[in-house]
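In what follows, a single structure is set out as structure tokens and then discussed.
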Amino acid sequence: GCCRFPCPDSCRSLCC
């Protein structure tokens, strides 16, 4: 699954 919005910097490269 993807990160929540707004997504944290640590997840931004994964799904944002």
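Using the three backbone atoms N, Cα and C, a Cβ is placed for every residue, glycine included.
According to Swiss-Prot, the protein has these features:
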type: DISULFID; residues: CYS2-CYS11; note: disulfide bond
type: DISULFID; residues: CYS3-CYS15; note: disulfide bond
type: DISULFID; residues: CYS7-CYS16; note: disulfide bond
Residue pair CYS11 (disulfide bond), CYS3 (disulfide bond) - Cα distance, angstrom, rounded: 6
Fewest-neighbour residue among disulfide-bonded residues, criterion Cβ within 10 Å, set CYS3, CYS15: CYS15
Which listed residue (CYS2, CYS7) has most other Cβ within 10 Å, given these are disulfide-bonded residues: CYS7
DSSP state at CYS11 (disulfide bond), helix/strand/coil: helix
Other CB atoms, at most 10 A from the CB of CYS11 (disulfide bond): 13
Integer Cα-Cα distance in angstrom, CYS15 (disulfide bond) to CYS7 (disulfide bond): 9
